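Feature annotations, reproduced from Swiss-Prot:
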type	residues	note
REGION	1-53	region 'Disordered'
COMPBIAS	13-25	compositional bias 'Pro residues'
MOD_RES	SER27	phosphoserine
MOD_RES	SER61	phosphoserine
REGION	80-122	region 'Disordered'
MOD_RES	SER83	phosphoserine
REPEAT	151-190	repeat 'WD 1'
REPEAT	206-251	repeat 'WD 2'
REPEAT	256-297	repeat 'WD 3'
REPEAT	307-348	repeat 'WD 4'
REPEAT	395-434	repeat 'WD 6'
MOD_RES	THR474	phosphothreonine
MOD_RES	SER476	phosphoserine
REGION	510-532	region 'Disordered'
Amino acid sequence: MKTSEERLLAPDSLPPDLAPAPVPQGSPAEKNTDFEPVPPPCGGDDQPQLATDPVASLVVSQELQQGDSVPLEVEFNTSSELSPGIEEQDVSEHASLPGEETNLPELESGEATEGVSEERAEVDEGDTFWTYSFSQVPRYLSGSWSEFSTRSENFLKGCKWAPDGSCILTNSADNVLRIYNLPPELYSEQEQVDYAEMVPVLRMVEGDTIYDYCWYSLMSSTQPDTSYVASSSRENPIHIWDAFTGELRASFRAYNHLDELTAAHSLCFSPDGSQLFCGFNRTVRVFSTSRPGRDCEVRATFAKKQGQSGIISCIAFSPSQPLYACGSYGRTIGLYAWDDGSPLALLGGHQGGITHLCFHPDGNLFFSGARKDAELLCWDLRQPGHLLWSLSREVTTNQRIYFDLDPSGQFLVSGNTSGVVSVWDISGALSDDSKLEPVVTFLPQKDCTNGVSLHPTLPLLATASGQRVFPEPTNSGDEGELELELPLLSLCHAHPECQLQLWWCGGGPDPSSPVDDQDEKGQRRTEAVGMS
């Protein structure tokens, strides 16, 4: 773990005298070259740790149903109070996550608030701020590939930066959640020619296929009692993992009408960290993070043949409005009030089940993607029944293909089934009359790029690749040959490339020489497939 005095430098391709940076608050003559320090890493130990899942329970089969897409308009109330948030405890189902802290002094009842300012502190004019720039193809920094090559059928299923940017979380087909710290080369004051392969600092093993996973919304590596990860897997309860030790800290259990354990298909913490929203078949269950166990609020999304049917596959909260959006495998998107779950609108337009939702930082726009659907759709909360515009991407399988927005809301990044990563500048996309084209596209590897995640403070793009490979039938041979002597299926044509990769997307020209083709350490030359 690095101290706060150590500074983060640009990658080896950008020497200090050429390191790009956004225009600082001061004049060019007053520009300070000190960079913003990186938060300390999550994992406390250098050696990977392993945590196993001791819980196994019954399974409840859930069938996918489709419902009518009917716009609903219901007013909702703003949540008046926010419940406290999860204190770190043993697996006794009595743990809780802490609520958001403020710097305001405590006041007695009726005491005036004179002299107490809620305005943000002014930014030092000497501070340097990194911004994303896609004027050229991002440059490969480092990655992890050996970790996922122990099993031939293994592949990555997405990646997510921690809210504070200190580490990144991955999911894979071997039912293991892995946490990686930022590459140590980024902390060095010397120019780095070669980045070593990334190694996970923590491994958290689930008992079966992982449906969804997410970071605690108030996570900060400087406060260990907020460093938690939630995950849901088949035939298991929802687990809360300690991101410093990899230990299981708490469990949330949902039961059906037969009192059988049922698994959540999607997870999302509320912005204040006080609640955990979980998607089930035609139902959203809301758990209080201060009270693990089976007690929860059940919010039905489909009743009396009306509403949003199907499995709730993804959930996202608006950053500025007291509402959340739910995507369903029934090909619909529902908007609901945060406080009581009352329906606000039901949107339809996708050709397949919804797999990912993402709100714009301004809170007015949100984006949706679906499986076996070649479009990303943009919606406006001010006109929920009207589709603003769409972006084209290749999604030909049922795999969940993630997309992400940078913190400023200017760039949208998505992978596709062929592996191509596309970047769109959506800052000027205000009309649905024109087709928005990507500003840059590149090919990280020759396999499906299913996960993309943009760092919250640094111009770092993380990509995850891989997909399930199905055997291809071989030639049957002569009719006289015995059937048992013939190989019926073959994987000889499959060449999966399962990797976690980090890319530098900083502004300014890149003076470094091109990276050669992939060597024994797994570094790969970026193949640009188009740029506008």
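Backbone N, Cα and C define each Cβ position, glycine as well.
Within the model, the repeat 'WD 2' (206-251) carries an average pLDDT of 96. Residues 131-132, 134, 157-158, 352-353, 355-356, 358, 360-362, 367, 369-374, 376, 378, 387-389, 440-454, 456-457, 461, 463, 465, 467-468, 497, 529 of the same chain sit 6 or more residues outside the repeat 'WD 6' (395-434) yet have a Cβ under 8 Å from a Cβ within it. Mapped onto DSSP classes, the repeat 'WD 4' (307-348) shows 0 helix, 26 strand, 16 coil. Residue counts for the repeat 'WD 3' (256-297) by DSSP state, with H, G and I taken as helix and E and B as strand, are 0 helix, 21 strand, 21 coil. Within the repeat 'WD 1' (151-190), the DSSP-based counts of helix, strand and coil residues read 4 helix, 18 strand, 18 coil.
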